[in-house]
Amino acid sequence: GVIFPYHPRLGRYTLNFHEAQRACQEQDGILASHDQLHQAWLEGMDWCNAGWLQDGSVQYPISRPREECGRKDTPVGVRNYGYRHKESEHYDAFCFTSNLNGKVYFLKTFRKLSYPEAVQACKNNGAAVAKVGQLYAAWKIQLLDRCEAGWLEDGSIRYPIVNPRARCGGREPGVRNLGFPDKKYKLFGVYCFKKAGEAPPVVGGGHPKRV
């Protein structure tokens, strides 16, 4: 499986425990356990924002200590804020996903799309806009590697990189996140998700019709 940090359009540190649980579920995941986060840290995960875990604790993994991340002179490891108040305290979420019962793909379109157009384009292709957890699973399990930014279901713009290269967002593999742009006026590609067992995408069939 794969762990992915998550915060919604509202911004960082906006989720109480129950909202974090729901956010992970909406992105095709569940809140991660401490063991899963520790394993991700062993594999090199480094994330400078604290997030809820399944047991109600708040933690974050640091592989490269630095000043803006709880001081440079502190050891590497999973930093733990302990158990926090589930209703009134707000953090990000660490979600876990392990199954991908289908395929995530970057839809070929003739031009870039707004969010509503992206939703329609995937639909026309017999698919749905991919969720964050689905893109992470495709990156980790199917080794999806695409240096093109695309809409996801939550309105964020991301792209998966397995083999880092110039102009593709840094030297580490990972899912790049360009944030939450305006859904109506900003134009990007789109990542679609098609459930296993459904017909393959029609080449060139994903162009939204102009109304």
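Placement of Cβ uses the backbone N, Cα and C atoms for every residue, glycine included.
All TrEMBL annotations are machine predictions without curation.
Within the set CYS24, CYS69, TrEMBL assigns CYS69 as the partner of CYS48, by disulphide bond. Between CYS147 and the candidates CYS122, CYS168, TrEMBL records the disulphide pairing with CYS168. CYS168 (disulfide bond) sits 21 Å from CYS48 (disulfide bond), taking the CA atoms of both as reference points. If you measure from the Cα atom of CYS147 (disulfide bond) to that of CYS48 (disulfide bond), you get 24 Å.
Under the DSSP three-state reduction, CYS147 (disulfide bond) is assigned to coil, being neither helix nor strand. Each residue in the domain 'Link' (2-97) gets a DSSP state, and the totals come to 19 helix, 30 strand, 47 coil. Over all protein chains present, the Cβ of CYS69 (disulfide bond) has 16 other Cβ atoms lying within 10 Å.
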